[in-house]
Amino acid sequence: MSALPAYASPVQRVWYYAFRVIVGLIFFFLIAPILVIIPLSFNAEDFFTYTPGMLALDPEAYSLKHYRDFFSNSDWQQAMWNSLAIAPSATVLSVGLGTLAAIGLSQSHVPFRRAIMAILISPMIVPLIISAAGMYFFYSRVGLQGTYVGVVLAHAALGIPFVIITVTATLVGFDRSLTRAAANLGADPVRTFFKVQMPLILPGVISGGLFAFITSFDEVVVVLFVGSASQKTLPWQMFIGLREQISPTILAVATLLVAISILLLATVELLRRRSERLRGITPQ
Amino acid sequence: MTNTDTNDGFVVFDRVQKSYDGETLVVKDLNLAIGRGEFLTMLGPSGSGKTTCLMMLAGFETATHGDILLGGTPINNIPPHKRGIGMVFQNYALFPHMTVAENLAFPLEVRGLGKSERETKIKRALEMVQMGDFGNRRPAQLSGGQQQRIALARALVFEPELVLMDEPLGALDKQLREHMQFEITRLAHELGITTVYVTHDQTEALTMSDRVAVFDDGRIQQLDPPDVLYEEPKNSFVAQFIGENNTLVGEVVEMKPGDLCVVRLDDGEVIDAKAVNVHEVGQRTKVSIRPERVEYNKERIPEGAHTLHAEVLEFIYMGDIFRTRLKVAGNDEFIIKTRNAPDQVRLKPGQKIEIGWLPQDCRALDA
């Protein structure tokens, strides 16, 4: 928003400042809960509250013991490795299937494309608990309940809508004459896809993949239903931990997850900008 | 360079029809033979079927009926990527994520050429379009005219025998367009490639082509070299579409030997004309006269020719020519063009004059 012009009326002046205050409050509302837990995770005591020592900034009141606990406790370690195995697998599956689906559904000759699109996107719209319960009954019957494959498939189903939406949005800007040009220059459809279409829709694919990854990495409801104790992920362990033993280790894990999310988002955004610049769309 | 060997064409459309919805034909019974090395332009208003013909030739549309032959073999069942036809697209269709050199390397890589061979060909193609120093740029860093040249170089770099161009100059400004018209014709003739060029710009068609196919309503209305097309249009659509044209409506009252006839215009005046596609007395006709073939200088009007009374409505000075609007036989959009010569008379609005023309310049066409 630009500076207030000289001819602004009193109402405009009031709104000019009120607008900034409102925006600030919204940011605060969104970020405060996340920021509050970060100092708490360095608490030297096993409490969820700020101790007088912490408020006095006494170095003795801070410690890394909850982080130490996270990296030494076998329950947390198993959960971490499970998350690190399940989320990338689900992401790869979502990206592959979602991208293909988006490309297929962007062709005008496909019959019932709106209906198919609606079905594929439904996991995003249907309440999670309903999807989770449905998956539980279905997966139990086909023997996927309580297996890694089951959890990966379930998370992939949740991630696909994000990939479809972002890739479809990128395909809208994709010039169809480029695939014609590639064919005219002698490239078969497979080569055209990998050399021309894929590089150009890559930013959309990357964004979709990121969303799919975060969805799986943060997901607790479906994994509670579809998974068993041996597939417990970090959110699963946090949820169980909150119910059974209230330990600030959860805060340490939460802080780590926030850090990972920020890092991931920043990296992917940088990559995306770079590839967007490379394809010469944004002015330099 | 005109190749009149049309019986044994390099590209042949044999009774080709195309319908998108199964009901209306966009292309109706197209028969066309294009000679090797010929520069043929498909000209017509939008929706006349010319672009559809080009797309069928490139393989992006399939003919509903009939055969398309390339070098004697039917290509209906050959997918576009195996046809080996070069094409310049309307919006250039350069790959934005590749540099200019990579764009040009694309068709060569597909064909499995080695690195050094690729580089030689790319260099030669870029020099051909005077873009030798631009190999490392990306398409987005080039101006419209430069992108156009690269698109041309990419269509030529793999040395196809046939190149298709779909309104390639539409997005350029007038001066650049004229320059590129010249460049494209020069290259096409130097390299001896067969070119099929689609445009709706008649000036482009006239200046570039060996032959022009005028399309309307899914049919070729006339297929002739530019001069024949302009001077001897076969029907009133072609007369109207190519160049500026004056039309007078009337009825044939007398057929004369030597393809001449006498036409009585609707206001009762009588003129001589060449009977092009009128055959009998009593037929309705549209008489077509080019603005630059109209004479009002009495000494130049041939002996015994019928003349018409005209009133000057408007005189426009255009530098090289004078453009005068007249009211003739009830038509007040009658234009004449005269060269700006030192002895040329400048007409004034309101002036009454007599106009005439050589009978062969006045063509009686279908109404």
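All residue numbers here begin at 1 and follow the chain in the order shown.
The backbone N, Cα and C atoms fix where each Cβ goes, and this holds for glycine too.
Nobody curates TrEMBL annotations by hand; they come from automatic prediction.
Not measured: the values here are computed from a predicted model.
Some features that TrEMBL has for this protein:
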type	residues	note
TRANSMEM	A:21-42	transmembrane segment
TRANSMEM	A:79-103	transmembrane segment
DOMAIN	A:80-268	domain 'ABC transmembrane type-1'
TRANSMEM	A:115-139	transmembrane segment
TRANSMEM	A:151-174	transmembrane segment
TRANSMEM	A:200-226	transmembrane segment
TRANSMEM	A:246-271	transmembrane segment
Outside the transmembrane segment (A:115-139), six or more residues from its ends: residues with CB under 8 Å to it: 101, 105, 145, 150, 154, 157-158, 160-162, 164-165, 168, 221-222, 224-226
Two-stretch contact, the transmembrane segment (A:79-103) and the transmembrane segment (A:200-226), at least three Cβ pairs under 8 Å: yes
Outside the transmembrane segment (A:246-271), six or more residues from its ends: residues with CB under 8 Å to it: 34, 37-38, 40-41, 43, 46-48, 66-67, 69-70, 73, 76, 206-207, 210, 213-214, 217-218, 234, 237-238
Long-range Cβ neighbours of the transmembrane segment (A:21-42) (under 8 Å; 6 or more residues past either end): 48-50, 54, 62-64, 66-67, 248, 251-252, 254-255, 258
